[in-house]
Structures are given as C-alpha cells and as structure tokens.
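**Student:** Got a structure here, written out as structure tokens. Questions coming.
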Amino acid sequence: MARLLLLFLPGLVVTGTVHGIFMDRLASKKLCADDECVYTISLARAQEDYNAPDCRFINFKKGQQIYVYSKLVKENEAGEFWAGSVYSDRQEDEMGTVGYFPRNLVEEQHVYQEATKEVPTTDIDFFCE
C-alpha cells in the first residue's frame, strides 16, 4: 500500500511516497528521555530469544544488547512493551532496526537518562514498511 508521507521540519517540507501499512497502536502514550524520543534511555540485555510476531517488533537473541528509546505506558491488560534497536556483532542485519519488544524479556544494564517525559504515540510509531 503506498501512502504520501509529509514531514514538516522548521524551514523544510519533505514529501515522498512510502509503501507500508499502519498497524494497531499498542498504547496511546510512551515515556521518553526527551520530547522527541530520540535520546537513548538505557541499554538492556536480552534474557532469551524473541521472534517478532509482526513488523512492529524486533527480533533478538539471548545475550544481545538493545538500546532502549521509549517505554510504552501500559494500558488495561496489554503487555508492557519498550521500543529499541539491537546492537550486536553477531547479527548485523538487525542493527539499527527500531521496534518494540516485551519488557519482561530484557534486563536493563545501564540507565543513561530517566524516562520522565510522557508523550502521546502517533500512527507513525506503529507504521510498518
């Protein structure tokens, strides 16, 4: 499915055609270290393998390190999910891919900044190419 993507930055408008799909939201709010959710919150280590059920999530193997960028605010009976990217010498094809993963499958190793900014999620947070 092709969609027209408009990106507005101060003094700049970028347009382009993007192929993908907007998936269901996992939460309506997320916790971040900053208002744009671009700074790393923490470094976590995978406690077991995880195979992503769909394109919103990332795959990882036990022992891999994951940079955490946001933590979804748990709603109702939903699971607790964080967003991050895998860092590993073993699986370079997964490096840099940002996606969600269950919080209970990782152990936080180092906290760089506290996730104190509550930010609403947007459709683009759950967009899959």
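Glycine residues also receive a Cβ, built from the backbone N, Cα and C atoms like all the rest.
Sharing the feature lines straight out of TrEMBL:
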- 1-20: signal peptide (SIGNAL)
- 39-111: domain 'SH3' (DOMAIN)
**Student:** Please work out the mean pLDDT for the residues of the domain 'SH3' (39-111).
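**Tutor:** 88, rounded to a whole number.
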**Student:** Tell me the residue counts in helix, strand and coil for the domain 'SH3' (39-111), as DSSP assigns them.
**Tutor:** 6 helix, 35 strand, 32 coil
